[in-house]
Amino acid sequence: MSEFSVKLILTDIEGTTTSISFVKEVLFPYAKVHSKAYLEETWDSDETQHIVRDIKSCLPQYKEFFRVGNEEPNVSAGVIASFVNFLIDKDLKVGPLKNLQGLVWEKGYMSGKIKGHIYADVLPAFKRWHEAGIPIAIYSSGSVKAQKLLFGQTIYGDLLPYISGHYDTAVGHKQQKQSYENIAKDLNLPSEDVLFLTDVVKEAEAAREAGMQVVLLARPGNAPLTDDDKIAFTFVENFDNLKINLK
Ligand SMILES: CSCCC(=O)C(=O)COP(=O)(O)O
Ligand SMILES: [Mg+2]
């Protein structure tokens with residue numbers, strides 16, 4: 001059992017509270033199938049036009065994707081949807097793609113076709129930490145909207161009452177120290193009073209550089225941790241193996 005003393009728990013989603021296979025085999029395919037129709041239905045809205053502009057410009061290395069011969073870049077819903085599918089296949093965690101995914105998944109969650117996966121130990125741990133007076137916040141590459149949909153409609157019910165804050169890549173990329181400093185500043189807490197839970201070693205390194213306490217999750221299906229990772233960081237297989245006290 002690993003023991004920590006903290007003022008807030010900050011947790012990642014994919015690979016930490018939720019299986020990677022749910023994201024790759026349920027959420028991403030849903031977004032691939034439904035993005036085109038969503039874009040067509042909402043094409044004239046300011047929100048969609050804003051996302052389309054951001055999607056077109058977020059990865060300049062792919063700008064030729066939108067150009068046919070010497071013509072002006074083509075930005076039909078179909079072309080944007082193909083680009084979105086290309087980005088999903090590459091699992092690129094870019095903000096505009098993640099914002100669009102959140103909007104597309106909404107219908108799936110609201111119709112009951114999608115239920116957010118969380119591991120069986122997550123709800124009991126959230127209850128324990130909540131009862132101990134330790135706030136829980138989320139930091140994921142998935143948009144804040146997507147986070148609220150997932151935790152609001154999980155296979156174990158609504159977990160949002162246990163969550164007091166949400167951060168996505170609007171605060172910065174998850175592998176950059178500055179992002180964790182931004183979160184600590186926003187929380188008005190010293191970094192060392194925050195415990196970050198994640199499956200990705202580079203995220204753990206960035207959070208630790210910013211001064212946070214860190215635990216790696218070795219969930220089934222996650223990328224295996226090396227011997228060096230296991231020496232450098234505390235790692236657990238699930239939240240039952242964490243004893244967290246309020247500082
Ligand atoms: C509710 S987020 C859906 C999953 C997702 O799109 C994603 O990129 C998750 O990344 P994470 O930072 O949580 O590992
Ligand atoms: Mg993750």
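Cβ coordinates come from backbone N, Cα and C, glycine included.
Among the candidates D186, D193, D199, the residue that TrEMBL names alongside D12, E14 for the Mg(2+) site is D199.
The substrate site recorded in TrEMBL comprises S140, S141 together with one of K107, K113, K174, namely K174. With a cut-off of under 6 Å between the Cβ and any atom of ligand 2, the binding-site residues D12, S140, S141, K174 reduce to D12. Cα of D12 (Mg(2+) binding site) to Cα of S140 (substrate binding site): a span of 5 Å.
The substrate site, placed at the center of the C-beta atoms of S140, S141, K174, has further neighbours from the same chain whose C-beta lies within 8 angstroms: D12, I13, E14, K93, Y139, G142, D168, T169, E203.
Among the binding-site residues D12, E14, S140, D199, the ones whose Cβ sits under 6 Å from an atom of ligand 1 are, in sequence order, D12, E14, S140. Under a cutoff of 8 A between CB atoms, and with a sequence separation of 6+ in the same chain, the neighbours of E14 (Mg(2+) binding site) are I20, V23, S140, S141, G142, D199. With a 10 A radius on its CB, K174 (substrate binding site) counts 22 other CB atoms from all the protein chains.
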